[in-house]
Amino acid sequence: MISLLTYTLKNLPNTSKWALRFCMRPLSSSSQLQAAAASQTKSKKTLAKPNIRNIVVVDGVRTPFLLSGTSYKDLMPHDLARAALSGLLHRTSVPKDVVDYIIFGTVIQEVKTSNVAREAALGAGFSDKTPAHTVTMACISSNQAMTTAVGLIASGQCDVVVAGGVELMSDIPIRHSRKMRKMMLDLNKAKTLAQRLSIISKFRLNFLSPELPAVSEFSTSETMGHSADRLAAAFAISREEQDEYALRSHSLAKKAQDEGLLSDVVPFKVPGRDTVTQDNGIRPSSLDQMAKLKPAFIKPYGTVTAANSSFLTDGASAVLIMAEEKALAMGYKPKAYLRDFMYVSQDPKDQLLLGPTYATPKVLEKAGLTMNDIDVFEFHEAFSGQILANLKAMDSDWFAQNYMGRKAKVGLPPLEKFNNWGGSLSLGHPFGATGCRLVMAAANRLRKEGGQYGLVAACAAGGQGHAMIVEAYPK
């Protein structure tokens, strides 16, 4: 098979809707892209299935997402997770003893609280009889937490589950070198002074060099940013196009923030600091300013920069998921149904960031829907180049036929329906918490805009991906 990264643009549809739409006008200046036009709820079939429980999102919250190294820098992950859980309890008034199970996603684990779901639950005042576990699946960890909750409820094991995610990039674990760790363990086992002196005599200064957390893929030894740069080149996505998309994300996020649309954000009183009330990474700039930045990964000719990449972020999120009959019995008005979902994986070398392209047609087929049925799209924005590459791949018959074994492309999401309240580029991306943010953004947008179906999709390290259909709850 021809390598994706050596396949040139001449083999992609030069006159695709995306090429025309994206290259002919600045994304930041189109009124269509500033917000979706309000529409009446369309009359479509529901995705309810006979003899299968309807599962709903009652509500969801998140702490403000902050640039790492700012107001959350002195906290631990369980502090943020506890804040999200406490915010959810306050928002929903759900009795703690009604919650059957708690699941949190995270990526970079703090050893002291390796099961951060359990520690955060206890810290938030949940019963010690409420089980909790932590999952990890890179950037789709909280997606996995939510779908695990769906499975527990669908199988009848639970009626009420809290799912969420957390990431604290301000204090990542930094270990001693392997040689130093081995020496310290050997010293701990030594029984005599002579044995200890013998071990110490082997010490060398380079043992003190710290072992930093890996930023590259274990299987390929390539950083995600480097992969994004190669992917952008493979799909002939220019630096200007990437900067335009990033500016769009920040502009829409700022607009949504100013209009009070980011209602899932709950204030958090940081111990010893002021109360944090909003995301602090939203930074509408200008294309001229963004163009001044140097490439961040492939130098000097790469196109991925700090401006068109998501930034290191601290934050936590949580959603209350219930069986519909339980929610109604408790007097709740749910926000949305969680419907079909799909996980995919592909080549982590050349297709690391193409999870949405692979997952989208599969979840649509599973749900019996088409792209035209979707009213709201919420895709994770790891990099501008990643988003634009996915959009081009989704709009390419050649890619569908040669890489996905499909007869035709799935099609291009209309930009007027796409990430209209900003995305990970602007709001931030705490690895373990983004999935819940995506679902709540879709649910809240459906309610605001009068749509019925939302599609959530994300890529993840390891060449994995996720997509889910969210259906608006009837008003």
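One-based numbering along the chain as shown.
Yeah, the Cβs are placed from backbone N, Cα and C, and that goes for glycine too.
On a predicted model such as this, the values are computed, not experimentally measured, just so you know.
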As Swiss-Prot has it, intramembrane segment corresponds, among 30-77, 174-221, 222-269, to residues 174-221
Euclidean distance between Cα atoms of Lys362 (N6-acetyllysine) and Lys349 (N6-acetyllysine), Å: 22
CB neighbours within 10 A of Lys294 (N6-succinyllysine), counting all protein chains shown, number 9
Which three-state DSSP class does Cys139 (active site, acyl-thioester intermediate) fall into? strand
Using a 10 Å radius around each Cβ and all protein chains in view, which of these modified residues has the most neighbours: Lys191, Lys333? Lys333
Rounded Cα distance in angstrom between Lys299 (N6-acetyllysine) and Lys292 (N6-succinyllysine) is 14
